[in-house]
Amino acid sequence: MNRTLPVTKNDYIDVVFEDLTHDGAGVAKIDGYPLFIPNGLPGEKAKVKVIKVNKSYGIGKLIELYEKSPYRVEIAKSDAHKYGGCQLEHISYEGQLKYKENQVRQVLTRIGKLEDVKIHPILGMDNPWHYRNKAQVPVGEKDGKLVAGFFKPRSHEIVDTNESLIQLPEVNEAVQMVKDICSELGISAYHEESHKGVIRHIMARYGKQTGELMVVLITRTTDISHKNKLVEEIVARLPKVKSIVHNVNSKRTNVILGEKTNLLWGNEVIYDYIGNVKFAISALSFYQVNPVQTKVLYDKALEYANLSGEETVIDAYCGIGTISLFLAQKARKVFGVEVVPEAIEDAKRNAALNGMTNADFAVGEAEVVIPKWYKEGNAADVLVVDPPRKGCDEALLQTIIEMKPKKVVYVSCNPATLARDLRILEDGGYKTLEVQPVDMFPQTTHVECCALLKKI
Ligand code: SAH
């Protein structure tokens, strides 16, 4: 045991929580040594038990709360609540928004060293429940019946539930219905250890504006017994279904989707609208999960781009062209880049669907395609990026710095990588003018931001 640490395993100590971790645990500091304690909230005083001691941090368990945070709310103690992916459910929505906004401010100052940037109050939802338009739910077996729900933390046990508090009711209903039908038809669940059994995941996606539902069955085997009956029952019991897709994942892996996808019934895509723009969404494409807040976020991106109709815009990490087509309404020309070929097919189809002829799309890595365009003499007046959590590739940031678009609009799902990248762009001649946090994922620790940078 390292004697220099201020706590020892099995100690009972009194603490005051100062902060929250990225997965929503309370942080208390003992002589500077951080202890992470699930369910503790900033400002609360509590007795905790130290259950694990590492070199740089420890883990504790909440034993008794002496003083409660005004933001603490009581939650039902059901499994759905505990395992439903809602890390911040024990905090009132007002408290969640405050925490997220603070997090953005702290990270931009600490990592980004951005001192005088205007960070706006976070834009939250009027109703922060049942907002997700998509679920991917693992399927298992218990007592001879299929179960579908959430993995218990750090385990492979699936808790059966249809109570997700953040998914749209149509999505919850679809997952449960498909599970019941599979159960009735005797279709077996995939078993990880033996790598036997058939159904691995049920995915459902719902177009909130159109009322169209897609069901994706993800199986280990190419064949599903009673396939016709299965399709027939899904169609009969879920009247909103417009597309039933089969994805085969025969590997031993935690990755959900496999490589082979085929249509079992209906259309290959479902449709949805964001604002006035119509989108076709196929089974494998990324599509934002919170349709209400997506509109808020894209409106902000459009406002920051402040287009006059003369500009050439590049939309890096464009997915199925959602932001690109939003911008194309106001730009002379938009070029979208995205690494998933199916998403680019969707993007092209979406441009045609909306009669937009001023948007072009290319498959490839943004950090490869955009430098190539630049070398060929193609530059943008406005550049939009919306990268995954790891942020932009350094090569892309360097190209932006050389290309010198007048404005960069950075849409980010991870404040830490946003801050890192803003610092690089600032050092390369850009100034971050404004950052707008948007709550796309209520009840979870995730926070989205839209930032506006100007060439100085
Ligand atoms: N702007 C879109 C998608 C954002 S998600 C929307 O709002 O819907 C990020 C997207 O980046 C995903 O579609 C992912 O497939 C894509 N992506 C990941 N790495 C990439 C890379 N290196 N180059 C281009 N696209 C990438």
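Keep in mind that glycine also has a Cβ here, set from the backbone N, Cα and C atoms.
Caution: TrEMBL annotation is automatic and unverified by curators.
Note that the structure is a prediction, hence the values are computed from the model and not measured.
For the S-adenosyl-L-methionine site that TrEMBL gives as GLN288, TYR317, GLU338, the extra residue drawn from ASP381, ASP386, ASP393 is ASP386. Taken through DSSP, the domain 'TRAM' (6-64) splits into 0 helix, 33 strand, 26 coil. Around TYR317 (S-adenosyl-L-methionine binding site), the C-beta neighbours below 8 angstroms that are at least 6 residues distant in the chain are VAL337, GLU338, ALA366, VAL385, ASP386, PRO387, PRO388. Non-local neighbourhood of GLN288 (S-adenosyl-L-methionine binding site): ILE274, THR294, LEU297, THR322, MET440, each in the same chain, at least six residues away, with C-beta under 8 Å from its C-beta.
Under 8 Å, Cβ to Cβ, and six or more positions away along its own chain, CYS413 (active site) finds PRO388, ARG389, MET440, HIS446, VAL447, GLU448. Neighbouring residues of the recorded S-adenosyl-L-methionine site, listed in sequence order and excluding GLN288, TYR317, GLU338, ASP386, comprise PHE286, ASP315, CYS318, GLY319, THR322, ILE323, PRO387, VAL411 (Cβ within 8 Å of the Cβ centroid).
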